[in-house]
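Accompanying notes for the structure given below.
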Amino acid sequence: MKKYYIAYGSNLNSGHMENLCPSAKFLGKVILNNFSLSFEGEKDRCYLNIRKVKDKNIEVGVFELNDKDIFKLDEYEDYPFLYKKEDIEIELNSKKIKAFYYYMDCGYSPCKPNKEYVEMCLKGYQDCSIKKEQLREILYK
């Protein structure tokens, strides 16, 4: 069964996504209204996260996945331990669809990510034509 997945971090990186979810198909980008982006976690586990925040918007990528891809993605995201999942209705190419996204809800604090992770995310933003400014903005807070 096909499902739609919202990516906002390392999973936007085309090389990484091809290895992790070979059947994944990038469909485009959308704006998530009332969401913000942040780096959260612990010393050795600092990753991007999104949270619902009124009057903030972020640009994200949308992928089409099959069940096998979702299983692999769940493992990679350490679901349901590190990341949780939530469904949301989005509009892609003038069509409303239901998609899911991962988010951390563990009470983690803001943190500084390692250089390799940031580079992987920046490459993903480039691959999907997503504004790098939203990532750079939170890096230098």
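Including glycine, each Cβ sits where the backbone N, Cα and C put it.
Automatic prediction, not curation, is the source of TrEMBL annotations.
Feature annotation from TrEMBL assigns active site, proton acceptor to Glu77. TrEMBL lists Tyr5, Ile6, Ala7, Tyr8, Gly9, Ser10 with the feature substrate binding site. Positions annotated as domain 'Gamma-glutamylcyclotransferase AIG2-like' by TrEMBL: 6-106.
Assigned with DSSP, the residues of the domain 'Gamma-glutamylcyclotransferase AIG2-like' (6-106) fall into helix, strand and coil as follows: 20 helix, 61 strand, 20 coil. Mean predicted confidence for the domain 'Gamma-glutamylcyclotransferase AIG2-like' (6-106): the pLDDT average there is 97. Those same-chain residues not listed among Tyr5, Ile6, Ala7, Tyr8, Gly9, Ser10 yet with C-beta within 8 angstroms of the centroid of the substrate site C-beta atoms are Asn11, Leu12, Leu48, Val60, Gly61, Tyr101, Tyr102. Here the binding-site residues are Tyr5, Tyr8, and the one whose Cβ sees the fewest other Cβ atoms within 10 Å is Tyr5. Around the Cβ of Ile6 (substrate binding site), 24 further Cβ atoms fall within 10 Å across all displayed protein chains. The number of other CB atoms found within 10 A of the CB of Ala7 (substrate binding site), across every protein chain shown, is 24.
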